[in-house]
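Let me begin by presenting the structure, written as structure tokens, before commenting on it.
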Amino acid sequence: MTKYAKIIGTGSYLPPRRVTNQDLAAQLAEKGIETSDEWIFSRSGISARHWADPDVASSDLAVKAAEQAIEAAGIDRQSIDLILVATSTPDFVFPSTACIIQNKLGINNQCAAFDLQAVCSGFVYALATADKFIRSGSHRNVLVIGTEVFSRILDFNDRTTCVLFGDGAGAVVLSASDEPGILSTAMHSDGSHVGILCVPGNVHGGAIAGNAFLHMDGQAVFKLAVTVLDKVARETMAAAEIQPEQIDWLIPHQANIRIMQGTARKLGLPAERMIAVVHEHGNTSAASIPLALDAAVRDGRIRPGQTVLMEGVGGGFTWGAALLRM
């Protein structure tokens with residue numbers, strides 16, 4: 001049985017269209033909705049976000065990120081034997097976005113490919129799932145992707161939510177290894193909180209039934225997120241017998257700088273050991289953690305041998321964490 005699943009390559013992609021808070025304020029003003037750069041930044045830490053063009057799908061963003069990750073890993077893409085895609089904004093109702101990505105990447109080895117939906121916790125859930133497949137010995141090289149086009153489900157009459165989210169994709173290649181990689185993972189959910197963060201629409205009779213825009217009770221999400229993130233981080237560290245002071249980098253879900261800072265503070269980690277890209281990306285849901293990871297790998301902050309704690313929280317309510325050695 002394989003001992004570890006190790007990240008051997010990372011990649012990311014943001015659509016070219018960058019929308020600043022000033023741009024968004026001007027757009028909303030045309031609808032008679034008031035907001036400002038100061039209002040948005042003071043509540044979220046967000047200065048800008050990237051939005052995909054109307055003809056660009058989640059799979060298109062994912063392919064760009066995956067190409068980078070595969071190149072960084074230095075493997076033949078035909079050796080990938082599982083593709084896991086975390087997304088809440090799939091290309092189609094079905095088939096899975098993972099199958100679409102498999103085809104676009106030209107991976108023709110008939111490997112398994114499926115989507116996983118845990119909203120903003122999605123990448124951590126997918127990473128944990130990939131870890132289990134590799135540790136079982138059934139798979140050796142797994143492509144894990146978080147990709148979202150949340151701009152498609154935003155209600156631009158609701159200034160409390162439409163200013164927060166962006167589009168993007170991040171990817172990693174996990175490979176079977178005798179060297180320490182993923183040390184521990186934890187996943188949790190509580191369906192009694194479905195209503196505080198959701199898109200409650202569905203397809204019926206060939207049309208959207210109900211409300212297909214994102215709804216969020218920001219205060220309820222904030223209160224619950226800070227509590228569960230601290231608990232799951234400690235659970236994951238305890239499972240690996242790691243103390244907070246041994247963590248080199250914290251990569252939280254990039255939702256809101258106040259939630260991110262609150263979690264770091266509870267863990268006793270200084271702000272300079274937290275990877276934060278929320279100011280430039282906004283909340284990219286399942287893409288946020290791999291986007292932040294790739295940025296820090298490529299700029300040299302995260303180096304081989306360092307210990308990284310990832311944690312995410314999202315609609316469901318879902319939350320999870322992964323502790324790994326790079």
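Along the chain as shown, residues are numbered 1 onward.
Note that Cβ sites are derived from N, Cα and C of the backbone, with glycine treated the same way.
Feature annotation from Swiss-Prot assigns active site to C120, H253, N283. Residues or ranges marked as region 'ACP-binding' in Swiss-Prot: 254-258.
There are 23 other Cβ atoms within 10 Å of the Cβ belonging to N283 (active site). Here the region 'ACP-binding' (254-258) has, by DSSP, the following mix of helix, strand and coil residues: 2 helix, 0 strand, 3 coil. When secondary structure is read from DSSP and collapsed to three states, H253 (active site) falls in the coil class.
Other Cβ atoms within 10 Å of the Cβ of H253 (active site) number 31 in total over all chains. Under DSSP, C120 (active site) is assigned to a helix (H, G or I) in the three-state scheme.
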